[in-house]
């Protein structure tokens, strides 16, 4: 029996008990909490370092170094309300996939890096902690990336990917990062016009968001039930990192209160599509569901300015729902666009 | 029995034709297309048209402005389907005209004439919506596999026509004749490149940002024109806001025939007529449907921006 099935069974049993007039809910909830074994970050990454900047801000990072100099390093930035561990399963899948494809010992296996952005996960911001502007996120990202390169003396090709708001941040950062060796930028499921359109209903969405969950399992089930994450394997590592336990009440509260970011929502996305299309590097856009592009992205795509990939069988958190497909797409994107790898052979002039 | 003239009339009115008629039409089209070479030889005068993408009403405008078929001769450079709301009617209309007037209509394959692409960009869903099953989509995809890969207009010194562009594996037009084209568009290789590549201001063959095909520059175009004794490469595949764009001292032109692409891009469209003396005449036309807000679009989920 899988954990999930067992949970379901336990819940049914509990309902049946209630119907019969028994109520053991407190005890069974307690023991239920103990049954689920949540995976640890160390099952996905080699290192969990805290990067402290000169203002005293502490960024929680996850990193597995690249196998060798010819391996790329993939950097991931999560979206609003999420955390670095949203990329845990994808990161491991990428490395497994590349190792599988290796023929010799010095073949490349990518380094993978993600971190918790300000206000999220275990990152602690002490200077202007309530500044959630695109500029603040972008400055953080640039600092963290440069710190990563310095600490681990990386000389590898770097590809940066962002999910949702994270896509906007990596796009915004690229212009200032051309010297950091970034060879490509990718955005996961973010289209400016559609994001801005979705903002109208965000107020209602946040109002209906449960403030607390009794258990982490409840939080995970809630996310899965609403389709925010469809893949339980990923949810087990990502969702718990969005919550902290209130020692007084024993309940689980969101670490990131999205209400605090409301003033910045438009700032996050305005002008994104044009900025992305105009980037002077290789670009990848992966969308979930449909090819719902706005005008700028549509023109850019039909002029061949970037690569568009649509995953039809996934929700918004595509890196979590379909880690294998996302991994393969990212590896292909790296292979095509890392100029250390690519030699174009032409047969022209061979028959003279 | 399929009545072609009646089907043409119905399709022009954007009306339904029976699944059986679609099947019969597709079989007839295959019988015709199987006899065509990978590179079709086309006489002048001819009007060359770029991407249509299911914009039936704009296709009808095109015929109105450049002359009805069979009075005028047409060459379509592919991408008949996807994105627009009338991919099926547009493609079937072109197919009817092809079967009815084989010498007056030439259809070549675009990168969207593919099973894989049409399942993502709308044509598959449209067929399911309009016919309740995937049969019609399947019949059309069979036809896609038989479409020619290019055309040569006007003989020596004439125009080489292809959907995308050149390939580092294809130096001479004769080499294209060796390709076994009756297959789904491959992910790489000569056939893929012809349907996917783009011209650009590059000094040599370069990686295409699209993820398929290559970028080629003036050097490659000059060599290709010289070696194949032609004066122009006419291709489509890239949206041009002004409808058409000549590059490399007039050695290559991009022709785009879907005005206000996908009901939101605000571009005009163009066709190129090549006369008996190989003179080029561009005709610009505008979209019938200008208002994007009238188009229903899928509403995003509320968690979208998180």
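Just so you know, glycine gets a Cβ as well, placed from its N, Cα and C.
Listed in TrEMBL:
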DOMAIN    A:72-321  domain 'AB hydrolase-1'
ACT_SITE  A:164  active site
ACT_SITE  A:189  active site
ACT_SITE  A:316  active site
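Features per TrEMBL, on structure.
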residue : record      : DSSP (3 states)
A:164   : active site : coil
A:189   : active site : coil
A:316   : active site : coil
What residues, ordered by sequence, lie under 8 A Cβ-to-Cβ from residue A:316 (active site) and sit at least six positions away in the same chain?
A:164, A:189, A:228, A:288
Using a 10 Å radius around its CB, how many other CB atoms surround residue A:164 (active site)?
28
Other C-beta atoms that fall within 10 angstroms of the C-beta of residue A:189 (active site):
27
